[in-house]
Amino acid sequence: GLRAPRRGSAALWAVLAARVVAAFEPVSVGIAIGAVSALTGYLSYTDWYCRFAECCHEERPLNASALKLDLEEKLFGQHLATEVILKALTGFRNNKNPKKPLTLSLHGWAGTGKNFVSQIVAENLHPKGLKSNFVHLFVSTLHFPHEQKIKLYQDQLQKWIRGNVSACGSSVFIFDEMDKLHPGIIDAIKPFLDYYEQVDGISYRKAIFIFLSNAGGDLITKTALDFWRAGRKREEIQLKDLEPVLSVGVFNNKHSGLWHSGLIDRNLIDYFIPFLPLEYRHVKMCVRAEMRARGAAVDEDVVTRVTEEMTFFPRDEKIYSDKGCKTVQSRLDFH
């Protein structure tokens, strides 16, 4: 059966008892909660409940400095993504009355940090991160694999989003492998992303949608390479150098998942966020971070060996890791 933690267990059981009694008799509940307050000095039943079960804190302000620190310490070589995500999330969460949900579209080759960033964002919005009841991850090839079932997927997805946003207005929805997503699925999401006060009595304006896609990776790499060849630092690349190219390129790319999409047409995507290809030095940073995460001392010889095993492109210059940091974990297992 259930075992209560020792500390404050009497108070916890009083709350649980109060919840059971709630179905029968409000007066007893008042007495039970009064007893809890007397025992603990905590007056709010909600506070107590939220210590033991996850609650949706829609009004809780975003800790911008914690998010900034997380992005700077954990995400390597992505000055643009760090800057844009910080600005977008802080602005959105500080706005008491947003006109639409926040919609971010993350683009770049595999291993550049798109999944990682969505995890950092989720953890900063809901402490349990990807394990939170209010954060939902969809992988197109896993959740929507059969083209002939699109109608069913559309209905299920709409019900799922509706149910979750009515339970928690600040729900986060992450769609991975957008480039493999059937356009019909994107059409199903569209009404939730638009500038509506409400859809069927529910407001979606405080929700956050994040799309992850490899589409546009070639355009991003080309821009990064042009800068490199012109002897300019990658940190000089600005959003304006990439965002227009990216939205047009993704819109016109038949394999992007956003091909001729109404999301782009109607400006429903707030930010196209480019993830630049990672250089040798960034892969080294990833290896060091992985070592630290495993509680191991950083051994520079191993760092170099693991990084040397990666393959780099273009063929002549060998500047960018073709898998980003994706295989760092598995390669480190061999050292």
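Think of each number as a place in line: the chain as shown, counted from 1.
Glycine is treated like the rest: Cβ placed from N, Cα and C.
Just so you know, TrEMBL annotations never went through curation; they're auto-generated.
It should be emphasised that the depicted structure is a prediction, and the values quoted were computed from it without experimental measurement.
TrEMBL has this to say about the protein:
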BINDING   Gly108, Trp109, Ala110, Gly111, Thr112, Gly113, Lys114, Asn115  ATP binding site
DOMAIN    278-334  domain 'Torsin-1A C-terminal'
SIGNAL    1-23  signal peptide
Relative to the mean position of the Cβ atoms of Gly108, Trp109, Ala110, Gly111, Thr112, Gly113, Lys114, Asn115, the recorded ATP site, which additional same-chain residues have Cβ within 8 Å? Phe116, Asn214, Phe275, Gly324, Lys326
Using all protein chains in view, find how many other C-beta atoms are within 10 Å of the C-beta of Lys114 (ATP binding site). 25
Which residues of the same chain, at least 6 positions away in sequence, have a Cβ lying under 8 Å from the Cβ of Thr112 (ATP binding site)? Gly77, Gln78, Phe275, Leu276, Pro277, Leu278, Gly324, Cys325
I'd like the per-state residue tally for the domain 'Torsin-1A C-terminal' (278-334) from DSSP, helix first, then strand, then coil. 29 helix, 5 strand, 23 coil
Count the Cβ atoms, other than its own, that fall within 10 Å of the Cβ of Ala110 (ATP binding site), considering every protein chain shown. 15
Of all the binding-site residues given, Gly108, Gly111, Gly113, which has the fewest Cβ neighbours within 10 Å once its own Cβ is left out? Gly111
Between 0 and 100, where does the mean pLDDT of the domain 'Torsin-1A C-terminal' (278-334) sit? 93
